[in-house]
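Notes to accompany the following structure.
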Amino acid sequence: MSPKGVGHSKVEESAVQVAVRVRPLLPKEILHSHESCITSDPEERRVTLGNDRHFHCDFVFEDGSTQEEVYTNCVQPLIEAFFHGFNATVSAYGQTGSGKTYTIGEASISAFRDDEQGIIPRAVAEIFKLLDENDLIDFSVRVSYMEVYKEVFRDLLEVETASKDIHIREDERGNVVLCGVKECEVEGLDEVLSLLESGKTARHTGATQMNPHSSRSHTIFTVLMEQRRGGSRAANGSVQILSSKFHFVDLAGSERILKTGNTGERLKESIQINSGLLVLGNVIGALGDPKRKGTHIPYRDSKITRILKDSLGGNAKTLMIACISPSSSDFDESLNTLNYAKRARNIQNRATVNCRGEPDRIEGLELQIKALRRALENRQRSETRIIARSDPEKRLRPFEVDVRKLQAESAHYRTCTDSAYRLLTELQGEGTLNAGQILRVKEWLCGVEEERSGLTSASGLDSGIESSSTEDSTALKRRQAVLNNQDLVKEDWRGEREDYTSQLQAQIQQLEQENTDFLVALEDAMEQYKQQSDKLQEQQDLIAELHSLLAQPGGAGFLHLKQRPHTAPINSLLQTPDRLTPPCDSDVGRSLARQLDVGASVDSSSYSEQTQWDGTHGNTHCESSRKLNRDEDGHMQTTRDKRKSINVTWTKKDIAIPQGPFGGTRTALPQTLGLCHPLGMQFNRRTSNSSIGESSVWESVRGFGGEFCSDRGLLQAQQKIRELSITIRMKEELIKELVKTGKDAQAMNRQYSRKISELEAEAEQARVELTEAQKQLQELEVQGGRDAVDRSKAQECRRKIAAAQSKVQVLKQKQRDTAQLASLSAQSERRVQELERNVQNMKQQQDLLQRRLREESQQKRRLETEMQKGKHRVKELEIKNEQQQKILRIKTEEIAAFQRQRRSGSNGSVVSLEEQQKIEEQKRWLDEEMEKVLDQRRGLEDLEGELTKREEILAKKEALLWERSGLESKKLRSSQALSQDLLTLSSRIESLERELTERNGLLRSGSAQDSQQIRQEISNLRQEKELLLKQRVELDDKLRQGNLLSPEEERTLFQLDEAIEALDAAIEYKNEAITQRQRQLRASGSMLTQWEMNLMAKLTYLSASETRALLCKYFDKVVSLREEERRLQMALAELELRVEEQQNLVGWLEAALERQQLEADRRLTQQQKEHERNIQLLLQQCREQMDEGLAGRLRQYEGLIHNLSKELNFCKIANQELNIKLREMCGPVNLTGEQCKGLNCDSLLLAGAQSRVAEDVKPIIDAERVQKSREEMREPVNAPLPATWRRSSLPTEDQYTMEELRQRAACELPNNRIVQPGMNSTHWSGSTSLPVTRPRREPRRSSLNTAPLYSSSAIIDVRRNPV
């Protein structure tokens, strides 16, 4: 099925569809023998409650219907409508425990097989399947999940959201919109199922007497889809946007407080649930009752009705599934549910296609047409005025060619028309045409004649069909004017059409670009899809194989085990059927006691063999589980704490296999009764046979909870594999983000490393300036600050010191921030490595789960073969059961006949009181004898227990003896090793003594030169001998004392001796107890032999009436015991069901805990991904700001260089002018000798003053330039030059005379050379290097002491001292 294109929006009126689903009887209801009160007829779509209450609906599903049938018949048409743009709703209604959650599909996904999945998983899978089949559709799918608990909204996908943040609104079209609900965009089925599982764990559920997992809130799972269909893009660029939503509503069950037994918080929840359902019933009644049309609909009385406003009488296609219970105890609730459904069928909805793009396009086109019409009318009026004012001759010339072409075409068409006229006239005259053709020819000829007459009257000429005369000049001019108007209009239309065409071409180019992007994204997606399909191919094959195995007949019907989720399937038929076969009976003699002993021994031995075999099989499972756990621990060592739930969940435990449908004590009482008499043995046989006959009933009771236990492990493993796949994908995306962040951080590192070096250089320069300023400040403080200039200099120095210190602090902070940013790449690399390890561990877990899937599938196949064998055995037992049932019926009939005879007195005699007392005495005597037999059997059992305990003690003793023998052998080996070491040491000592003797001989006969060396060797040999002697003494002591083992081993050996001694005492005590038991049994055996003889003798002397009376007494006793057994069995079954429910609850809680951990991990991964994106954005902004700062710094440097170059050029020009003036002033003049001498002195003084001033001013100028350049570097923008700066700032207009210069130089020279007390001669050379700011130069003054550095500032620093 592929979604069709949608044209204009259409409205479809449809009634609310109603489906009734009857659930099967629950195990507890079967146990208490509840009857079904529902009769359904799917063909006639009718449900009958009781005998005379009939209800018709759209769909009827019996208790044997499957989930696939419900989905295919009811929900699949809604999916098609959902794809066509309609809203849809599926709601489940009914009492608590009627199967609403199971039907809607909100139960645990991993707890059911694929054929048991509900509506939501199937619908979502169908949606994504259709989207995959239609690649041309651009779609987006979002899901939301919320609940209404106690009339308060709660977002299940974001539990932290407060209820006040969720509001119900209506848009401009009247559709209900939920504001504040988290909508997660999904791209596949696995993501939807994961969100459904996480929301399900956060839903409010609780246990009541009717349902252990009762839903305590209404839930709404919504799927929202938007489709962008571009089928008409090529025509007009329009895009259709279809938006539709699908509500899956699981209503809380209606509850009777007396039945549920709710109190406290559960009672408050029940009141809220019932009030909400009451409002829903009122809404359904108001909408479904024809008499109440036009009345108020109470949508706002409840939150759930406000949400379902579209679904009930609004813009949606709605399906209501009424879930009912067939039990007769729920008759009233089923009746209320069916009445609800009956009223809901009368509700009419008006479903509309939700298409946003097409109506907007039509409205826009209509507005555009109106605007174009107005523009055309205005243009025509303006053109008419222009034509009236313009020269007609100039405007007619371009159109004369067109007129000639039109006249030629007109003449051609007239010629063709004349030919056709003549031809049709001839055909009409021949009479070969039929009536219809003649009629059409006449109509055509009449039309031609009318046109000819019209042309003749209009032109005023005799213009027949064959004439081709021209029109007169007046008509031609008029027609040409009209044609001119039309041509102008055409030109305007052509211009507008070209504009519109250019717009369309731009849109087409944009769409083509988008299409190219989409194709690239599609190729990437297809590549990823291929990779994922390759990875999951093996898993799909395995799932298909499991499905085929599950589809086989008889698939796990006999697995009645109570086990927790994720446990390995274990066959419940591992027991041998010997427990159900009665012992062979006999009717005579001494063989009775022998049969009792043999029967007891056979029964106990079979039980022990059975227990041993079951234990062996269970141990095998335990060993396999331990092996799997060891493998898992090896693979998951790094994530053990994080994934502890997985290890706990997968722990396989030994399961106690019951010996019958209700455990090992099922046939204990009948067996004890069957030992006193052959007739009692027959009752024993009947009891066992009846229990076998009832096994089918008990299996049906047990089958609901444990029918598919072997499949749960597989399903949950598949669910875990899906969850791991999603988590792995999220981690891989996070790794990509981290890698991208690392690359950006590396790029930033390179930039910041350069910036760090720049900042370090700047900080170093600032430190140097700070040091210089501090030195200058100290010098000024030493001088004492006698004048105002020194004080101002000191203050300036302090300000500069403070500025330099703050600058150093700022630079240090920048350096720290930059280093912190530079460390981002290292952090990203560490996180990438950690995430890669996590992903690797997850992949190992996934491989481990896949291996477990394969192992469990193999184990399942083995169990199925064993089940087949068990089935054959059950068939044999059923055949034997039928035979024994026949015998039982015969005996029962005989007893009934005897009772009738006794009541009717047909035997001719009435039992007297004495005879009754005699029968009672005989009964008591038989009871006493039976107690003796029971004591004998208990003694046999105790003896067997003592023998078993003695065997266990012997086994422990053997183990201890083996361990002690190991230690003793170790001790013996140690003693042998010590003896060998002693022998080696002794031989070594003897060899050393021989060497010493030889060396002493050499020493006496040797020369003086060799004596020193020999003495050294002799001393070494003696030291070695002493060391060996000490070692031999130690070994002798150890061997003499027996210290051959370590202290721990000695202590262990001592403890073993004590334990063996204790076990010997225990074995001796057990032997004595066993001997005493055997003596007692032998004595009781002789007594039993005597009792047998007495019993047979007394039974022989009994009359027929006494025998029958005694038999009736024992029959009544057996019946009462059977009734008691029945009650105990029912109590046991209820306890087993309760235990199974608790185990399911524990499994559900474990799954919820694991889900919460998984959600926390995913939420953390998502937050990390968002954090990495934010980091990337910050890095990008930092890079942009750095680029902008570098560009601004570059512009600033360029402006500074430009200004300095201008200043340099100006200084060069000023220098040249001053040199020229100086040469003019010092030119050749006629002077006397004194004048020349004075002039030479003045010149020398002036030159010296100028040189000294230049030397003093130069460091000040350099410092000022450095300080100014730094200030400009700190400014973010390029500061322009001061407005007072001019090129003519040199003293050109105030020209100094030679006398003034001479006077100024004479004044400045002594001022500059005055040495104050306490100052050295280099004061100015040190002080002038301070970058102080000098006051602006005032105009020429008379006093000489006003400006000591007047000449330097006026000549050099033109920007600070403009004229």
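These residue numbers are counts, starting from 1, taken along the chain as shown.
Even glycines carry a Cβ here, placed using N, Cα and C.
Here is what Swiss-Prot says about this protein:
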DOMAIN    15-347  domain 'Kinesin motor'
BINDING   G94, Q95, T96, G97, S98, G99, K100, T101  ATP binding site
COILED    358-385  coiled coil
COILED    491-552  coiled coil
COMPBIAS  603-622  compositional bias 'Polar residues'
REGION    603-642  region 'Disordered'
COMPBIAS  623-640  compositional bias 'Basic and acidic residues'
COILED    714-1068  coiled coil
COILED    1116-1225  coiled coil
REGION    1314-1346  region 'Disordered'
COMPBIAS  1318-1331  compositional bias 'Polar residues'
Note down the number of other Cβ atoms within 10 Å of the Cβ of K100 (ATP binding site), including every protein chain shown.
26
Same-chain residues at least 6 apart in sequence whose Cβ lies under 8 Å from S98 (ATP binding site):
R23, G253, C323, I324, S325, D330, T337
For the domain 'Kinesin motor' (15-347), what's the mean pLDDT in this predicted model?
83
DSSP three-state assignment (helix, strand or coil) for K100 (ATP binding site):
helix
Note: among binding-site residues G94, G97, G99, least Cβ-dense neighbourhood at 10 Å is G99
Test of understanding: give the count of other CB atoms lying within 10 angstroms of the CB of Q95 (ATP binding site).
23
